[in-house]
Each structure stands twice: as structure tokens, then as C-alpha cells.
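So that you can see what the record holds, here are the features copied from Swiss-Prot:
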ACT_SITE  16  active site, for RuvC-like nuclease domain
BINDING   16, 504, 508  Mg(2+) 1 binding site
BINDING   16, 508, 723  Mg(2+) 2 binding site
DOMAIN    512-667  domain 'HNH Cas9-type'
ACT_SITE  588  active site, proton acceptor for HNH nuclease domain
């Protein structure tokens, strides 16, 4: 394919960035930057950088599995060293070991032997069994005195068990943990070891150390010859030695260095200076909204609040209001007053300061009435030491020469820190004094370092460089921005540099998984509220034709909140006439033309005549609030007695407001992610537009508003194309377009459409039937065809999915707009990022018995709390234990096949006399097992986990698929067997030199399969190893095609053609892959 070389285009690039997608659109603009035509658009989709169901890091599962493997390996090595020690000290002889180095005929009653060792001499084998058992099960060793105050529930349960057993040993009823286990655990609960999620049988390693010492003493008394000092020292070392936690320099190395002082390490968050910096940032940014104006705190107010967080454990907004003596009409900016008791939320909490103070109080080292008397420098040192070091020993080593022993002991008992900030203590100590004078953080940084972001790279290049991972720590955001960068650079390579870039990021970008779930929860609640409101509307208006629209429902909602009265006149509104055209109107209390505020908090229900009289004035101006007129007082009373939320009342009653500030806030999205990306692009990319501000972050609410006004229908559930729709709107949100809309709304508010009106600013004739300004004529029709390939995007039409069909459709439907058909028009094809990662989980976690693998069967031990009725039918020895089978079945059926509920209470077997006997916790279940991964020296088998690649071969006009798993990659195995339907792996087709290698497939590689019946073109989703069929994902994931956008069970062996394609990040360059040699797995 020849390289695409377009003519020079003056265009705006619009981006709609989500956590798993980037929609993009190019809109050409004229010299005044008015949108004039749609050049190109598309969607890039990728996997979010987290576990979808839990929000966990993708690395967490690997990290936990690696941790378990390390523990297992270290335990095995510890036991090996113990066996070697026993042989070296003469406890055991060479004849006692088998060919694998394991001890022959080792007694299997170690708990009983540990108790017996207190009263009699043990044989060498018995003594070996005891010592090995202590080394294998060596309890829990805490390295911090204050570990019991953890918020980790699992660790808390473990520590509770350790403490309880330590207390039981101190009573003197039991000499050792072994005696306690035999005489208490086994008798009371029937088992000695911990069970699932129960840590009540855990011992402290120090208690086990005491038992070891006592055992050596007793065995020496009984004449055991194998109690030498060397053996005791070696065993005790193996018992007590533990790898130190990552701390000190290792932690600092991982954290990196200061933004402003590159040679300095980042400061601990729980230092005095860092906490004061955080407080000063909040204090200096705090704004009061009062009588319509916004203001910062005065110097006196700042001084009043400055030391309050040190006096109170938590400083709330309500406390701040009282201290500042604010009037009831004053509010804190940024606080969500919609929720109950909003001002009860915390303004500032000095966690470290008060943690240190409480620790000293608990140990009687601080007078409750006096302030903390440790210097700021010493508190910084304490915060740093307790954040960097993870053991009492290391912390003591750092602080022993700085603070008194009794204070250090108190702190070790009660505090633990771990968080860090991005700035060093050195930088903070330079910045904080300026912030204490009232300067904002950015102002203080600019004064000291010259720039808020430290050393800034201002070199402009044609292409955007990589997003710095050290500045964007959230992996979900980093991947989204990195994919956006690929799209930007792809557009520039294809079309040249844009004049401007407009960006909208989805609300969830930059939010934690928990926050995103909260957003989803609120959206679901809002959806249910709308359904209830719609049902209520139909009750009030049973004769209403069709489904009520959001505007109809909003009228009823405002009617109820305003107690059925017009907010401007106070007159009663006739509910029966609510839907009568012109009778009532929804008005923007603060004129939209002056604020661009279309939020619910700016909407009121008024009689049509009152709305016309008000025009584009604020209520304060309309009712002559400046002179405190009677009308203004009555209006205030109506607002105050309404059921509006507090924040809405505040907005409606605004007396003064900054129009430019309102527009700036409502048109721009100032979240950190947007600010970062805008600044990053502006500083590093060469853009051709006029003026300084050439990168703009659009507000999502404005995008929704314009999309609705411009007649663009968006249904998220249908397919992935809708991301491009928003990108078009974002691109068209130019300053020139905003000005047009502002003028239109202003004239409409002023009821200026009386016949013909001349716009004095432009000379444009405005007619009474003038519609909302569009970017260009037939805008909605053109955009919907370009995005969905159908007239108005309606599903009943056939999609114009080829270049010729799309241009023909545009020419037919938009005959009056020939500009819609041009050389850059191409069908939208969603680009999906392929996953070519070759590593992954080696095998599934569950290991099954492989004794009957030759029968095609494996045996799995299934806990009763996970046993379903279908599993029960495959229970091993079902015929030999019919009573057990029937009892389990009855319990499950009684609880509707919910095993968690069915076996919440213990389940027991009963003898012939009906007496309760053994507790049943799990049963063995047969499973079909054709293949898998051998583990545990070929004694167990586990299911295959990740299929990372499928290699495609061809021979005699037939195609053969060879699946490759991550465990094969790890071992460097390149498989040579192709799937044969219904056959075991050993009977699969052997691939030799007579087969031709075609290509390798990874998830989301673009493929084409042509059969006698159909042509399928989409992204490879998966391969079924039992049938050799593949699943193909439709490019836009149209849920009306296949199963939720996926074509399943496509046979490729006898396909007429099977081809892999390459696609760029824009979905524009699609070409067949070139033939290559078969790649290795590593």
C-alpha cells in the first residue's frame, strides 16, 4: 500500500480518553477557527491496567504467588540444612537417609513426641522428628512491638491467636506449646493445626524458642547424648533467623528522589514538616463563598486556624466555621453540601503529630494539658525512621542517640508509618516558610525554584514523547495516557501537526477502583431514581402519550421541590397544565449565556411570562437585590423554604459573581490528569494554532450538553463507536463556536427574536425560528453516518462498511453538502491493542491427584463450602458411602444449592447407632482430565492456565493450530502438536517440516476467515483446545452480532482462507502480515 500523503490541513484534534479507550476526531477549521468539516475519526480500545473485577494491580497475583513460592522454597531449604546439621552432629547416620536425602522411618507423631520429650529420653529418630517439626512449623515472629494495632483483619486475627496462646502458656497450666496443643486444641476442637481463615492455633516463635531450650535441658537430664552446644546453637539459629523486611536504603531506592532537589530522597508523609506542608496547602487554597463572592481567608482568619489541627485530633469544617465566626450565608467552596451534615467532614487531621502525642500519653510521658514538646526537627526524624525502617531493632539504631529510651520505647509500642510525599524535607523546609506567609504552593515553588514543576523541558517536537511513569503513578491512568499518545502521534504522522488539541477525560480516569465503584453505584441509584420519577410522572399524567422525557420529569421534580409555586412570582402552578407548551419553563437562574452552567443546581421552574421578563439577568439583578427590595426579600424567602439542596440555594441567591470565572470553570476540566496532560502536550508538541493556549481540557458536562443540542444520539451499550462521537463534539468546542452559542442563548434569554434581529457583534440576521448554532449545516446527519455507517446511526439500516458504500451514502443523504464527501472519508474501524505478552500464570492453582490420569480422570478435594450438587454427583466412593452422599445432597437441596449457606454449620458423619462421629470438611470429586501441567514431581496435575499464543500452520489447503501456554514459554518448549477435535493431546497432529508456518496469533490480533458460508473479519479472541475452533471479536464489539459482539466456534481447519492483518492505532492502515519464520517462545 502506498504511503498516505495528505494536503496540509488546518485542524483541531479532539480526544475522548477513558480508562480502556481513546476516541479521536479531526475537524478542519477556518482562519477564525470555526469548524467547517469532519476530516477523520476513530476509536482505539485497550485492556485497562488492572484486574477488572477487583481493581487489583495486574502484578498482585504474580507477586503473591511468587511470595508463596519463596516461602515454600525457603522452608524446604531450612529443613535440608536441618537434616545436614543432624547428620553432621552425629544424631543421624548415612544409613538413616534414602537416595533423595530424606530420613527413613521418621516417626509421624511429632506433637506427641514433643510432649513426651519433657518426661523421657528420646531415640535419635524421635529426637530428629521433634527438631525437624519445630523448624518446619516455627510460629510467628513479630518484628514490631505495635503490630497488634494493625488494620489488616487477617493479620489482626493471627496476632490475636498468638497473644491468646502466649497468655495460656503464662498461666502455668501447660509447660510448652506442644502440651497446650495436645491438651487444649485437640480435645476442644478435634484438630491441632489452624483451619481455613482461623489462626487461633498459632504460636509465637519466641514461645517455641523457649520450648526448644527446655527440651534440650530435659533431654540432657535424661542422658540423651545428642544435646551438644553446637547442635543447640544451630537448631536455634534455624528456628529464629528471619529475613529482614525491606527497609532503610532499599525503601528509599524504590521511592526515588525529590521533584525539586534531585539528590535528596522523598520525605515521609508522617513527618512534622510534611504534615504542616499539607495543612498549609489546604489552608491557603481554602475559599469562602459569601453573598455571591468568592474570597480566600484573611491573614487574621489564617492565623486563627493555623494551630487548630495541633489542638484537635481532627479539625472539621463545622469547627472552622465556628472559629472564623462565619455567617449562615457563607459556605466553604468545594464542599459537597448536597449530602447530610457536610461540614462534619474533616478539614485537616495531623495523624503523625497526634499519634506521637497519644503514644506518650499512654505511657504516662506527656501532660495532657501541655503541647507536644518534641522539636519539629526531632518529629521529622521520628516520622522518617518509623516510615523507612520495619523492625524495632533498625528503628532503635536510628533514634537511640536522638531521644530518651523511655520515649523511644513508648513510640515503638504504639506507632507505625509507611507513606511518603513527592518532595524532600530539604525542599519542604524552603517552601513551608513562604506558605506560612500565605503564598500558595505554586507561588512558593516559583519563588524558590522558578517553576512549579521543577526543571521543565520546553523543547517542542513534532511527536509527543513518552508519558513519564514517575509522574503518573496510577497504572490505569498511565496506560490510558500512553495509548492517547500513540493516537496523537499516529494522527500527526498521517495528517501533520494539528492547530489545537482538545481533550476530554472520562470521570473515572484518575479515580481509584473504589471511587469508580462509588460512581457506578451513584449512577445506578440515579437510574433507579429516574425510573421512579418516570413512574410517578405517569401516575400524575395517565393520559400522557409516549414515554416522558427527562425535561418532563425535571419539571415535576422542580414543581415538588418548589412546593408547587413559580419561584420568581410566588404564584401557584397548576399541576394539570405542567405539560402545556409555554405555560411553565425551566429557567437557568444564573443565565446560561453568562455562566455556561447547565447543572441541576442552576435550574428552576417558573411561569413562562416571568421567564420572559427576567431575560438574561440574575435573580439578584431582576429583583433589585442591591436595594434590598421587597421582591428580593420575598424571593429569598421562597428559595430558603424550598426543598432545594443547600448548594443550590446558595447559587440561586448569588449577589455578585465573576462571569469569566464561571465560564472558565464550566467549560474547562481542571482535574489533575487533565492539567498534567494539557501541560505535557503544550510544553512538548509543536502545534500550529494561534495564541498561547492551544491545548484545552473540555468539561464532560458541556460535551453532553452540546451533543444533545446538536442531535447526536449516544448509546454506550450498543458498541465501542460512541467514543468517536464524543471526540467530534470535543473537537468542535472551539472558542468561536462557544461565542456563537453564547450570543444565541443571550438573545433567546432576552426574547430578542421578534421578527428579524441584527447581531451587532457579527451583523448576522437572527430570525425567530433560528436554531441552536451548529458547527456546519447537516452536522448531526454527517457525524452519525461517519461514526455508525448508517443514516442517523439507526440499527435497522445496513452498515456502509466499505469506502465506496460510505461515500455513496454520504452523497445520497447529504446531497446539499458536497463537502461531506472528500478524499479522507473512510469507514470507522475500531483499533484494538494486541496483547503479545508471553508470560503469565504457569498453571491453575488447584493441584489434583494424577493417579487415574490414564483413565482420563483426576481427583480433586473440594471443601463442602464450595461443593455444588453437580460436583456431588461425581463424588469418589459415592456407591460405598450412600448415607454420606444422601445427607450431603439433602443439605444442599435444603439450601437451594448454595454450599456456603448449606455448610455454614459443621457437617458430621453418623454411625449405625446414630451417634455423631467424624466431621466432614471436604470430599473428593472426580473430574475429566485429558491434559494439564505435571507438578510435585509428577505426583499431581494442574489445569493449563494462560494460552499466550497460537501458531497457525498450513498443509494441503488445511489449517492447523498449535496452542502455546505460558508454562511452555517458561521452560523454553516450542510445541509441535496441532489440535485435533475430540482427541487427547498425545493424539494431536504432529507438525513436521512438511507443514508451512503461516503466522502466530496473540489476543486481539486482526484476522480474516473466509469459509464457504461467510467472511469473518475481526480480532482473535481465543482458541478452544478441545475443538480447534476460534472466537473472533467484532471490531466495534457490536452486541447485536454473535454473543455480545463475539463470533464463537469458528472452524478454521477447512477454511477457504485464513489470514492475519496488521492494523495501526488509528484503524486506518490495514494490511496483510508478511510471511516470517516461526518465532521461538523465548
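Here the Cβ of each residue, glycine as well, is placed from N, Cα and C on the backbone.
If you count neighbouring Cβ atoms within 10 Å for each of the recorded positions 588, 723, the highest count belongs to 723.
Residue 508 (Mg(2+) 1 binding site) falls outside any helix or strand according to DSSP and counts as coil.
Cβ proximity to the Mg(2+) 2 site centre (mean Cβ of 16, 508, 723, cutoff 8 Å) flags the following additional same-chain residues: 17, 18, 19, 21, 22, 23, 504, 505, 506, 509, 726.
If you take every residue in the domain 'HNH Cas9-type' (512-667) and average the pLDDT, you get 84. For residue 504 (Mg(2+) 1 binding site), the number of other Cβ atoms no farther than 10 Å from its own Cβ, over all displayed protein chains, is 26.
DSSP gives residue 723 (Mg(2+) 2 binding site) a helix state. Reduced to three states, the DSSP call for residue 16 (active site, for RuvC-like nuclease domain) is strand. Look at the residue listed as 'active site, proton acceptor for HNH nuclease domain': DSSP puts it in a strand.
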